[in-house]
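Have a look at the structure below, then the notes.
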Ligand SMILES: Nc1ncnc2c1ncn2[C@@H]1O[C@H](COP(=O)(O)OP(=O)(O)OP(=O)(O)O)[C@@H](O)[C@H]1O
């Protein structure tokens, strides 16, 4: 190690050694031994570091799964390093691990971590196999009724020592957690069985790889690579609907893997039988294993997800705000996350706590407040749900506080939110007199001024009914 003007200069061997040390910590001993230990340093020239794997298969694997990380770690060690080439150098030629570049004839075309280069034959590493999202683990997946089957099936596949159902086909609407579960499976296997080769990619990338292979007359490598994995996961398979030759190749890849008892996991936005533009034989094969759907979220699941995300992000969100969001943002989990991110970012920026008012203001586009008229029936239903009483109690003569108070709240809101007169409201509440309604309105106003939490509750109900 030498020092020049305060900058520590290390040899490239030392840099590579440290990069390897970091990688070992990150990927674990098993994966490191299988994939990275055999890789040797070749040279560093013009900002491009070259490393070599002993076989073409390993080269592709390292390029797909680790090269980008290696580039980042190396760049942190030495900012001159801009890209990493993974080449093939058979073991006997790579006896000298550093400095001397191998004879050009022994090297296969390099695979880069940079973006695709149009006239370069093989796949570029970043395009091959996707980087897994660190947040998408089973631990971070909130389970509820709508996704419990898909979650249980995904876990089974991830934890099983032998193939149980093949393929596992997960389907559901946009943003409901299919990709999250797929990544969850991949993370789990990577952690527990680093020696297993798991390949996850979107159907779009599969097609892209296939087209590249055709273009560069390298379909053998393509086939070899896809057929040598232990677990193949293809996300959003609907993408290849109507793409006949990609489907054909996918069908053969799929069959080859299933025949060898390798696990295949597929996701789509529809069930196999509903995948239009997909060949019948493929549709039928896709449905052979376990088909598990993810249903639209329920209020409870949305609330659970919000609580979990807020906890992970370590932000304080009042329960009322979470309830409000869970009631209002029902489209999918991605939108729910988006809303949560927006309000937490805002709160951090302006250093003000999150409130129901600020939330509503901030999300007005998402909430798309409609100024439609609310009906008394809707008010009764929503208030009854909120306080967990029967709708019938809105009309009944029962006077127990547990039902009388919600009834008063519903009367108050009916006065506030509808143009109905007091007698009309009274009639809708089991034929009560207008003075009873007047009394209810006064009582609720009084309670609101005395009891903050009661006031917030009523406010929450009012907002929810207005949107
Ligand atoms: N049950 C859940 N628990 C925690 N987070 C979830 C859950 N379901 C979905 N998410 C989150 O919602 C977001 C969208 O999920 P994901 O990308 O997996 O959806 P998808 O079904 O694959 O959508 P698409 O159809 O658009 O591909 C992700 O950030 C994911 O972490």
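Placement of Cβ uses the backbone N, Cα and C atoms for every residue, glycine included.
All TrEMBL annotations are machine predictions without curation.
Worth saying up front: this structure is predicted, and the values here are computed from it rather than measured.
When secondary structure is read from DSSP and collapsed to three states, residue 177 (ATP binding site) falls in the coil class. TrEMBL lists 175, 177, 178, 179 with the feature ATP binding site.
For the domain 'AAA+ ATPase' (164-292), DSSP puts the residue distribution at 67 helix, 24 strand, 38 coil. The domain 'AAA+ ATPase' feature in TrEMBL is assigned to 164-292.
Per DSSP, the domain 'Chromosomal replication initiator DnaA C-terminal' (375-444) is made up of 51 helix, 0 strand, 19 coil. Residues or ranges marked as domain 'Chromosomal replication initiator DnaA C-terminal' by TrEMBL: 375-444.
Under the heading region 'Domain I, interacts with DnaA modulators', TrEMBL lists 1-100.
What TrEMBL lists as region 'Disordered' is 98-122.
Here TrEMBL flags 131-347 as region 'Domain III, AAA+ region'.
Among the features that TrEMBL reports, region 'Domain IV, binds dsDNA' is placed at 348-467.
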Listed in sequence order, residues with CB under 8 A of residue 175 (ATP binding site) and six or more positions away: 331, 332, 333, 334, 335
Neighbour tally for residue 179 (ATP binding site), based on other Cβ positions within 10 Å of its Cβ: 20
Binding-site residues compared (177, 178) - highest count of Cβ atoms within 10 Å: 177
ATP site shell beyond 175, 177, 178, 179, criterion: Cβ within 8 Å of Cβ centroid: 172, 174, 176, 180, 181, 267, 294, 333, 334
